[in-house]
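What follows is a single structure, written as C-alpha cells, with notes after it.
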Amino acid sequence: MVSINPANQIIVALDVPQLAEAIALVERLPQVTFWKVGLELFYGAGTEILEYLNHQNKRIFLDLKLNDIPNTVAAACRVIATYGVEMITIHTSVGRAGLLAAQDALNSLSTPRVKPIPQLIGVTLLTSFSARDLAFDLKVPLELPEYILHLALLAQGCGLAGVVCSPQEAAQIQQVCGDDFVRICPGIRPLGSEQGDQRRSLTPKAALDAGANFLVIGRPITQAPDPAHVFEQICAQCQQ
Ligand code: C5P
C-alpha cells in the first residue's frame with residue numbers, strides 16, 4: 001500500500017482569473033498546503049498572488065510552462081527565482097539547449113539566499129493529448145509512452161528535478177529514471193467526475209499507486225459545490 005500524506009502530495013490548481021477569487025478559494029481550503037498558480041491566474045493577478053501565498057506559508061508550484069529560445073528561458077528563470085516558489089515548469093520541447101540554459105541559470109544563482117532556488121520541472125506531453133493527437137496533429141512517429149519517456153530522459157540528462165506527465169506514464173518514468181526523479185501528475189479524475197479536456201487520466205489513488213509523487217487537481221475540487229469536502233474525500237480514498 002502506498003502511504004500518502006495528501007496535504008503534502010496534492011497540489012490544487014488555483015485556476016481562476018482574479019486575485020480576489022483565488023484568495024477566496026484558498027480561504028475555503030485551509031487544509032491545502034500546496035497550490036498551483038498557472039497561466040490564467042498569473043496573467044490575472046501577477047506576482048501579488050505569489051506574495052499572498054508566501055505570506056500564508058503555502059507551497060507554490062508556478063506552472064508557467066516556459067517555451068522559448070535558450071537565452072529567454074534562462075533569463076525568465078532568473079527572474080522567477082526571486083518569487084519564492086518551490087517548483088517552476090518548462091516545456092521539454094524547448095530542446096536540450098533550452099533546458100540546459102534554464103537549469104544552468106538556476107544553478108548559477110548565488111547561495112545562500114533568502115528564498116530557495118526553485119526546482120525546474122519539465123512538461124512532457126500535455127495530458128490533454130491523446131495518442132491520436134500525437135500521431136496526427138504533431139506527426140510524431142513514436143508511440144506515446146516511448147515519446148514521453150524520451151522527453152523525461154532528455155529532461156533528466158539536462159539536470160532537471162523531474163517532469164510533469166500523465167499518471168499513466170508515471171510508473172515507466174519511475175522505473176527508468178529512478179525514484180528521485182520527481183513525477184508530477186495532472187489529469188487526475190476521481191470516479192464520477194467530469195473528464196473535461198483531459199485525455200490520459202487516472203483516479204487519485206491509482207495515480208499514487210502508479211508512482212506519482214504529486215497530483216495536480218483542479219476542477220474536480222475547485223468547481224465542486226463543497227471543495228473542502230471533495231478534497232477530504234480524495235485524501236481519504238488515497239489512504240484506503
Ligand atoms: O482541472 P484539472 O484537474 O484538469 O486541472 C489540471 C491542471 O494541471 C491545470 O491547471 C493544467 O494547466 C495543469 N496541467 C495539465 N497537464 C499538463 C500540465 C499541467 O493538465 N501536462
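FYI, residue positions are counted from 1 along the chain as it appears here.
Just so you know, glycine gets a Cβ as well, placed from its N, Cα and C.
Those TrEMBL annotations? Automatic predictions, nothing curated.
Under the heading active site, proton donor, TrEMBL lists Lys65. Shown in sequence order, Leu39, Thr89, Ile90, His91, Val123 are the residues of the chain, 6+ apart in sequence, with a C-beta less than 8 angstroms from the C-beta of Lys65 (active site, proton donor).
Listed in sequence order, Ser166, Cys185, Pro186, Gly187, Gln198, Arg199, Arg200, Ser201 are the same-chain residues six or more apart from Thr127 (substrate binding site) with CB atoms under 8 A from its CB. Sequence annotations record features per position, and here TrEMBL assigns substrate binding site to Asp15, Lys36, 63-72, Thr127, Arg189, Gln198, 218-219.
The domain 'Orotidine 5'-phosphate decarboxylase' annotation in TrEMBL covers 9-234.
Note on the domain 'Orotidine 5'-phosphate decarboxylase' (9-234): mean pLDDT across this stretch is 95. With a cut-off of under 6 Å between the Cβ and any atom of ligand 1, the binding-site residues Asp15, Leu64, Pro70, Thr127, Gly218 reduce to Asp15, Thr127, Gly218. On its own chain, Gly218 (substrate binding site) has Val12, Ala13, Asp15, Lys36, Pro186 as residues at least 6 apart in sequence with a Cβ closer than 8 Å to its own Cβ.
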